[in-house]
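**Student:** Here TrEMBL flags C26 as Zn(2+) binding site. As annotated by TrEMBL, disulfide bond applies to C26-C97, C28-C126, C38-C151, C153-C201, C158-C163, C171-C193. TrEMBL lists 26-151 with the feature domain 'NTR'. Among the features that TrEMBL reports, signal peptide is placed at 1-25. Residues annotated as site 'Involved in metalloproteinase-binding' in TrEMBL: N39, K66.
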Amino acid sequence: MPAALPSLLAWLAVLLLGRARPADACSCSPIHPQQAFCNADVVMRAKAVSAKEVDSGNDMYGNPIKQIQYEIKQIKMFKGPDKDIEFIYTAPSTAVCGRLLDTGGKKEYLIAGKSEGNGKMHITLCDLVSTWDSLSPTQKKSLNQRYQMGCECKISRCLSIPCFVSSSDECLWTDWAMEKNNVDGRQAKHYACIKRSDGSCAWYRGMAPPKQEFLDIEDP
């Protein structure tokens, strides 16, 4: 019986580690899609046509680091290099912040992430990745000009009402407080935070690109 004790303890350790892994999940702070656009190196509309697991070096213990390599078909570049992106890399599971895409080239995505150069980029679960059909008309229009006009502004998430701006270059994102922790609410779908001619920032809603000198806006 004592001889079997080390094996039993080893088996119990593996079992406990296996049960602990699901709780070790990736967590992301909610951000407005305009913030995701401004933070990203690359923003584009694309399809994933194939996927395979590849090695991307070793960790500190010498174990291989696995990633998913997506071969993509780029449809339109909104922000990023002149050269087409050919491959997107991500971690192999959502537990380690990987972002999984449907392959086969049938589903179109809006994808925002970090450039790795040489026609490659990297995405995580915390980056903006949405199916193209799920975007509102305002969001699609804003990708061309409007989001970029507000990248010098600050969008602050309002956790509970009341909340207030602390500076003139700030827009309050109230979807989280007003729509029960909804990160895809009215302001996310239909508004952009734009810097005005006097240096202040305010929410803007409208299908036409805003003029640089506009002063009157529609409040959210």
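Each Cβ is built from the backbone N, Cα and C atoms, and glycine gets one as well.
Automatic prediction, not curation, is the source of TrEMBL annotations.
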**Student:** What does the structure give for the C-alpha distance between C158 (disulfide bond) and C171 (disulfide bond)? Integer Å is fine.
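**Tutor:** Each residue's Cα considered, C158 (disulfide bond) and C171 (disulfide bond) end up 10 Å apart.
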**Student:** Rank the disulfide-bonded residues C28, C126, C151, C171 by the number of other Cβ atoms within 10 Å of each Cβ, and give the residue at the low end.
**Tutor:** C28
**Student:** Taking the Cβ of C193 (disulfide bond) as the centre, how many other Cβ atoms fall within a 10 Å radius?
**Tutor:** 28
**Student:** Restricting to the chain of C97 (disulfide bond) and a gap of 6 or more, list residues whose Cβ falls under 8 Å of its Cβ, or answer none.
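**Tutor:** Sequence-distant Cβ neighbours: C26, C28, A91, T124, L125, C126.
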**Student:** Relative to the Cα of C38 (disulfide bond), which of the recorded positions K66, C163, C171, C193, C201 has the closest Cα?
**Tutor:** C193
**Student:** Which one is it: of the recorded positions N39, K66, C151, C163, C201, whose Cα lies the shortest distance from the Cα of C171 (disulfide bond)?
**Tutor:** C201
**Student:** For N39 (site 'Involved in metalloproteinase-binding') and C193 (disulfide bond), determine the Cα separation and express it in whole Å.
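**Tutor:** Cα of N39 (site 'Involved in metalloproteinase-binding') to Cα of C193 (disulfide bond) measures 14 Å after rounding.
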**Student:** With the cut-off set at 10 Å between Cβ atoms, which of these disulfide-bonded residues ends up with the most neighbours? Options: C153, C163.
**Tutor:** C153
**Student:** If you measure from the C-alpha of C153 (disulfide bond), which of the recorded positions K66, C163, C193 fall inside 10 Å?
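**Tutor:** Within 10 Å of C153 (disulfide bond): C193.
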